[in-house]
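Swiss-Prot lists 2-22, 77-97, 113-133, 139-159 with the feature transmembrane segment.
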Amino acid sequence: MLEVLLVLLGYVLGSVPTGILVGRAYGVDVRKVGSGNIGTANVMRAAGKGAAALTMLGDMLKGVAPVLLARALGAGPWVLAAVALAAVVGHCWPVFLRFRGGKGVATGAGTSIALAPPVGLGMFALWWVVALASRYTSLAAMVVTVVSPFAFLLSGQPLPYVLYTVVGGAAVLWRHRENARALLRGTERKFGGRSGGGG
């Protein structure tokens, strides 16, 4: 029963619309600006770097908190992986927004850092490298999503964690399908200041 409650908590925390809450604090509805997405890149577009930083931090904590709580309560790798997946699913398909949410990148980063800190931090650093080099946050997200399962596998992480990166990564890639098409067409927004893009 505790395991089920932990997974549900992961989903509920993942569903908290950080971007919308931060946007409101800055006097803007991020759903009506840019791509309309509630994630970090579009919050930057709508309200600037400070709001974007708060959104990224909040979205990452949505992934970190339930995993660390589950671990503190003695949950094993399978439950921890399920909690992590629930948080990402909650962010992508939140109950509070009629299942129309973000793309799971920051929340996924938070869960990865909580599950395996060295690997998760490495993937977070890779995201920044690709994002800054290309100016495409969506490309960075997709690169990290593809690389993560191999990083978790080769670093000897438990099988449930590896499977989580595959299934959770599939959700993130699905949420980025329009970005992938835009990249191929050469119409994807670049990020930077209030005119940036990627999600």
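Quick reminder: no glycine exception, Cβ is built from N, Cα and C everywhere.
Nonlocal intrachain contacts for the transmembrane segment (113-133), taken as residues 6+ away from its ends with a CB within less than 8 angstroms of a stretch CB, comprise 60, 63-64, 67-68, 71, 80-81, 84, 105, 139-141, 143-144, 147-148, 151-152, 155, 157, 161, 164, 191, 198.
Below 8 angstroms of C-beta separation, residues 3, 6-17, 20, 38, 59, 62-63, 66-67, 70-71, 103-104, 107-108, 110-112, 114-115, 158-161, 163-164, 167-168, 171-172, 175 of the same chain, each at least six residues beyond the ends of the transmembrane segment (77-97), sit close to that stretch.
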